[in-house]
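Asker: Not my notes, these are from Swiss-Prot:
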type	residues	note
BINDING	CYS95, HIS98, CYS117, HIS124	Zn(2+) binding site
COILED	132-234	coiled coil
COILED	419-450	coiled coil
COILED	673-700	coiled coil
COMPBIAS	503-513	compositional bias 'Basic and acidic residues'
COMPBIAS	534-544	compositional bias 'Low complexity'
COMPBIAS	752-761	compositional bias 'Polar residues'
COMPBIAS	776-788	compositional bias 'Basic and acidic residues'
COMPBIAS	794-807	compositional bias 'Low complexity'
COMPBIAS	904-916	compositional bias 'Acidic residues'
COMPBIAS	955-964	compositional bias 'Polar residues'
DOMAIN	276-403	domain 'MATH'
MOD_RES	MET1	N-acetylmethionine
MOD_RES	SER454	phosphoserine
REGION	477-513	region 'Disordered'
REGION	530-554	region 'Disordered'
REGION	640-663	region 'Disordered'
REGION	752-812	region 'Disordered'
REGION	891-964	region 'Disordered'
ZN_FING	15-55	zinc finger
ZN_FING	90-132	zinc finger
Amino acid sequence: MDEQSVESIAEVFRCFICMEKLRDARLCPHCSKLCCFSCIRRWLTEQRAQCPHCRAPLQLRELVNCRWAEEVTQQLDTLQLCSLTKHEENEKDKCENHHEKLSVFCWTCKKCICHQCALWGGMHGGHTFKPLAEIYEQHVTKVNEEVAKLRRRLMELISLVQEVERNVEAVRNAKDERVREIRNAVEMMIARLDTQLKNKLITLMGQKTSLTQETELLESLLQEVEHQLRSCSKSELISKSSEILMMFQQVHRKPMASFVTTPVPPDFTSELVPSYDSATFVLENFSTLRQRADPVYSPPLQVSGLCWRLKVYPDGNGVVRGYYLSVFLELSAGLPETSKYEYRVEMVHQSCNDPTKNIIREFASDFEVGECWGYNRFFRLDLLANEGYLNPQNDTVILRFQVRSPTFFQKSRDQHWYITQLEAAQTSYIQQINNLKERLTIELSRTQKSRDLSPPDNHLSPQNDDALETRAKKSACSDMLLEGGPTTASVREAKEDEEDEEKIQNEDYHHELSDGDLDLDLVYEDEVNQLDGSSSSASSTATSNTEENDIDEETMSGENDVEYNNMELEEGELMEDAAAAGPAGSSHGYVGSSSRISRRTHLCSAATSSLLDIDPLILIHLLDLKDRSSIENLWGLQPRPPASLLQPTASYSRKDKDQRKQQAMWRVPSDLKMLKRLKTQMAEVRCMKTDVKNTLSEIKSSSAASGDMQTSLFSADQAALAACGTENSGRLQDLGMELLAKSSVANCYIRNSTNKKSNSPKPARSSVAGSLSLRRAVDPGENSRSKGDCQTLSEGSPGSSQSGSRHSSPRALIHGSIGDILPKTEDRQCKALDSDAVVVAVFSGLPAVEKRRKMVTLGANAKGGHLEGLQMTDLENNSETGELQPVLPEGASAAPEEGMSSDSDIECDTENEEQEEHTSVGGFHDSFMVMTQPPDEDTHSSFPDGEQIGPEDLSFNTDENSGR
């Protein structure tokens with residue numbers, strides 16, 4: 001075959017795009033023209049999707065792979081090389097000097113020579129010669145080995161290129177698949193996918209470009225080497241083999257690992273459009289709503305923490321009012337940033353159930369919190385009823401609104417924000433719960449600690465031994481102070497020591513109790529409840545709802561303990577003041593009195609079992625003190641709170657106190673009927689007390705020139721003692737009337753003492769206790785109103801060796817002194833003794849003067865008992881203090897009779913009530929004068945229990961001392 005024919009055939013198998021030899025040939029299915037795959041792909045990708053020859057639409061997948069074309073091109077190349085080789089071989093493979101065929105290879109010179117040059121040329125004398133064919137074969141073998149390596153390298157690169165192409169194709173297919181799924185989604189998602197695709201393609205195209213460049217370099221190198229092998233003669237090939245090998249070595253210097261590329265994953269996030277969240281809004285009474293012309297809001301729709309609602313103008317909004325129905329969608333709560341949401345507003349056709357007739361408007365808008373988007377001209381108002389959207393029977397319009405995030409991504413973002421808000425709120429709640437638990441634990445520990453460290457409740461716990469020890473300690477302290485009356489320095493030091501000890505103890509306890517969260521109002525309400533008798537006893541407290549009120553009950557009991565300690569401190573100070581104020585009196589009388597005080601204190605502490613057993617006289621005092629608005633006196637009678645709480649509490653007005661009292665009364669247990677009855681009776685006593693005060697004022701004004709009333713007064717006292725013997729278990733009403741009579745008796749003592757002042761043969765003896773008690777009797781706001789009266793009644797028999805009461809001590813009888821300070825229970829009994837006689841006289845309807853005349857009298861010679869003279873300071877000059885200094889003979893007894901039961905006997909219901917004997921009135925008179933009786937003789941009251949003593953029940957003895 002000649003050269004021309006081979007060239008014509010080669011033109012057929014030439015690419016019509018690059019006009020070069022076909023590489024990876026492809027066939028156009030329309031015009032059947034052959035072209036390189038790389039050329040046609042670049043054309044279709046970068047230019048236009050049509051064949052460059054026939055202009056027919058063309059895609060890469062439509063090209064036909066012509067595998068046979070590669071074999072044809074190789075054969076044509078072989079034919080062309082063969083023809084060229086034969087022609088050049090005849091001309092080039094000859095010696096230049098001898099024009100002979102080169103047949104010898106000089107090993108020394110590394111040169112191909114002919115046989116003449118080797119034999120006769122003289123240039124290669126002594127050189128080593130080898131046959132040219134043998135050397136040629138060796139070089140061809142080496143070259144072929146390198147060519148094989150390069151081919152293997154080329155195949156690897158081609159496989160990598162194909163893998164990258166397959167990767168690119170997979171990425172394109174994945175992209176096309178995702179695009180088909182999300183074709184109807186928003187443009188934002190498509191742009192995001194295109195951006196992801198572009199980034200991945202840049203990476204892949206960069207990888208492919210580097211691999212393609214390396215492939216083209218190797219192909220050109222191979223073509224050059226093959227051309228040299230075919231075109232060069234043996235000698236030329238041998239001479240150029242070193243250069244070819246150097247080129248091969250340079251290619252091998254770049255390792256194959258540098259061409260291994262990381263595959264780009266063909267994954268594109270599938271962001272499918274979420275479904276709508278919908279709600280229905282029924283506008284009832286649409287005609288009425290149109291007349292109002294106000295917007296109507298639908299119930300909120302909660303979606304992923306977002307709050308949507310429909311805002312409807314039934315009569316239109318703005319310029320379209322009266323013509324169109326205006327409907328808007330409002331985002332009332334959500335993310336603070338602006339976000340786009342798709343919404344749909346649908347008006348239901350009510351004439352038929354055909355959904356296709358519903359009016360649907362949908363759009364996507366950027367919403368901010370509080371912003372509305374919608375349609376000002378949603379539908380004409382005049383066509384609502386005609387078109388069937390307004391139900392004429394029900395006068396209703398049904399609107400359905402739907403909203404959604406444009407993508408799941410945005411919906412997930414909203415949910416994440418909502419979850420964050422919920423977690424923050426939950427964390428806050430958990431923190432608050434933990435804080436409350438810590439506070440509860442601290443309060444429980446403080447309450448337990450205060451219960452362990454607080455002093456025992458001496459007034460509420462009769463079985464508490466510590467109370468007896470505390471009382472004994474105070475009695476011993478009183479003995480020491482009374483015995484050392486003249487030494488005021490020692491008295492003051494002992495008093496300060498005791499006050500410091502009590503103060504430290506109270507401050508420690510108050511610090512443990514109130515170092516935190518005690519509310520002043522709550523403390524004051526608890527105080528009001530306690531003072532009004534609304535606090536439950538220990539037994540009733542135990543049966544209450546302990547699960548809810550455990551802490552409150554413990555706190556209340558702890559406060560009661562502290563306040564009773566304060567009250568004990570005040571009692572100790574009172575006795576210390578009495579002891580320090582009377583150094584001029586006989587000090588030996590205080591020794592026996594203090595012993596009796598100690599014993600009385602022990603029995604008194606065992607007499608009170610709960611707050612319900614508080615002495616009724618103290619409760620009656622409360623009413624009197626409330627009128628005076630005296631908080632100090634009020635808390636002096638009852639346990640009072642710590643000093644730190646006293647100042648803000650004392651600043652309250654009376655109105656605030658009454659309001660707080662009423663607010664605190666709801667805490668009163670339902671089973672405290674007895675306290676309610678006591679309150680009612682105290683109110684009655686209060687009214688009667690006012691009348692008695694008026695009567696006393698009249699008596700005081702009319703008795704300025706009264707005669708000697710010693711015998712009459714003494715008889716009245718005996719009548720009071722007799723009445724007291726019959727009233728051991730009297731009710732609160734009787735006790736109230738007893739209190740009413742105190743001031744009257746005190747005035748009688750004052751008047752008689754004034755008349756007998758000049759007739760007293762004995763020097764005046766100062767009685768601090770009597771003075772102090774009488775001062776409290778004259779002042780209605782003080783605590784112990786008639787203590788001086790009781791003590792004056794009992795003074796005057798130093799020689800009496802008989803025990804005046806079950807609770808009096810022999811030592812007190814031996815030293816019988818007017819300075820004996822009786823315990824509270826004995827004082828209350830004496831108050832009861834003083835009151836009955838005057839109450840009987842007052843309520844019998846007699847005038848004030850006649851009441852005084854008809855009091856029970858005793859003869860001056862009855863059992864030798866007499867009352868000599870009383871000295872008293874000028875009442876007019878010292879009207880505020882009302883101090884009385886009675887002077888009694890040494891024969892006066894300092895203790896009451898055994899027939900008179902003490903107040904502790906009444907409260908504790910002891911056996912004294914069962915052992916009472918009834919005697920005559922004369923016997924009662926005999927029992928009053930104890931100087932002539934033997935020590936073992938007991939006299940009792942002749943009046944039975946439970947009867948009211950009237951004027952007719954008393955004995956009136958006329959004597960020379962009973963005159964006016």
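Cβ coordinates are placed from backbone N, Cα and C, and glycine is handled just like the others.
I would like each feature placed in context: is it buried or exposed, what are its neighbours, and how far apart are things?
Answerer: Within 10 Å of the Cβ of CYS95 (Zn(2+) binding site) there are 19 other Cβ atoms, across all protein chains.
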Asker: When DSSP is mapped onto helix/strand/coil, what comes out for CYS117 (Zn(2+) binding site)?
Answerer: helix
Asker: If one looks at the chain holding CYS117 (Zn(2+) binding site), which residues at least 6 apart in sequence have a CB under 8 angstroms from its CB?
Answerer: CYS95, ASN97, HIS98, VAL104, MET123, HIS124
Asker: What average pLDDT does the predicted model assign to the coiled coil (673-700)?
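Answerer: It averages 79.
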Asker: Could you name the residues, excluding CYS95, HIS98, CYS117, HIS124, of the same chain that surround the Zn(2+) site, i.e. Cβ within 8 Å of the Cβ centre of those residues, in sequence order?
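Answerer: Neighbours found: ASN97, GLU100, VAL104, ILE113, CYS114, HIS115, GLN116, ALA118, GLY121, MET123.
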Asker: Counting each residue once, how many in the zinc finger (15-55) are helix, strand and coil under DSSP?
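Answerer: Looking at the zinc finger (15-55) with DSSP, the answer is 11 helix, 8 strand, 22 coil.
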